[in-house]
Amino acid sequence: MYYGFDIGGTKIALGVFDSGRQLQWEKRVPTPRDSYDAFLDAVCELVAEADQRFGCKGSVGIGIPGMPETEDGKLYAANVPAASGKPLRADLSARLDRDVRLDNDANCFALSEAWDDEFTQYPLVMGLILGTGVGGGLVFNGKPITGKSYITGEFGHMRLPVDALTMMGLDFPLRRCGCGQHGCIENYLSGRGFAWLYQHYYHQPLQAPEIIALYDQGDEQARAHVERYLDLLAVSLGNILTIVDPDLVVIGGGLSNFPAITTQLADRLPCHLLPVARVPRIERARHGDAGGMRGAAFLHLTD
């Protein structure tokens, strides 16, 4: 059996998958915020419960935000303070007496989608998350591409391209990002960015679901806003797709529930790509909240 953990700031979610990659059991517990020992105990107790339930010693994979394992062997994850700065993989491997594999949660999302039965035909899969932030991951021939610092796929911290400033106006504000830079596309293309753009142009503080509801009702202002957002998304993706050239782009995160994102994006891409480039297939993520657990479990299927 394959155990996949999706660990965030508020919850530790475990999914148990069989050899057919089907979910057999799942359980969630709160994430301890202050004690590393309590954090380790929470993970180990879930593993012990799964081992007993299924009568086996399952493999363990973990998806977690941040940098799962740097050169010093430690995890760096601001959202998981109890474990940040600790040698999480080594400590869990020792306590559980098995090989524990860690990866960035966005990479696990991409891996989950790349291993979907419908998508395994595609050699190079790009996962794109449009949620609270903007992130993603790359999977080539069924294996995640992590990079030296586990930041492959941090698309949200690419800067706005010149064409975006031409489109939006040269006085368009380059917002300061949490990473310390200015003009990162995450500040405009995330769910929060979607709402910020609306307020910037129309001076109304609406949240993304409210704007989308107006769009669905035919509101002209909301429709103009969505057109602008999709144009900005397309021009920003142009640079990424030119570098990566994926066969498939799978979009997850809260904004992926808005059908216009996946149905209208492809037609806007050709003018931002090389003339010889082929627009990749663009699909909404298939596995929703289970994606992180799936991808983490499948880290042991990539050998």
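Yeah, the Cβs are placed from backbone N, Cα and C, and that goes for glycine too.
Taken from Swiss-Prot, the feature ATP binding site applies to 4-11, 133-140, supported by sequence analysis. Taking Cβ-Cβ distances under 8 Å and a sequence separation of 6 or more, the neighbours of THR10 (ATP binding site) in its chain are PRO30, THR31.
DSSP assigns CYS177 (Zn(2+) binding site) to coil, not to a helix or a strand. Neighbour count (other Cβ atoms within 10 Å of the Cβ, all protein chains): 17 for CYS177 (Zn(2+) binding site). Summarising the annotation, Swiss-Prot assigns Zn(2+) binding site to HIS157, CYS177, CYS179, CYS184.
Sparsest Cβ environment among the binding-site residues VAL139, CYS179, CYS184 (other Cβ atoms counted within 10 Å): CYS179.
GLY135 (ATP binding site) counts 27 other C-beta atoms within 10 Å of its own C-beta, drawing on all protein chains shown.
Counting in whole angstrom, CYS184 (Zn(2+) binding site) lies 31 from GLY4 (ATP binding site) by their C-alpha atoms.
Taking Cβ-Cβ distances under 8 Å and a sequence separation of 6 or more, the neighbours of GLY133 (ATP binding site) in its chain are GLY156, GLU186, SER190. Other than HIS157, CYS177, CYS179, CYS184, the residues of this chain whose Cβ falls within 8 Å of the Cβ centroid of the Zn(2+) site are, in sequence order, GLY156, GLY178, GLY180, GLN181, GLU186, ASN187.
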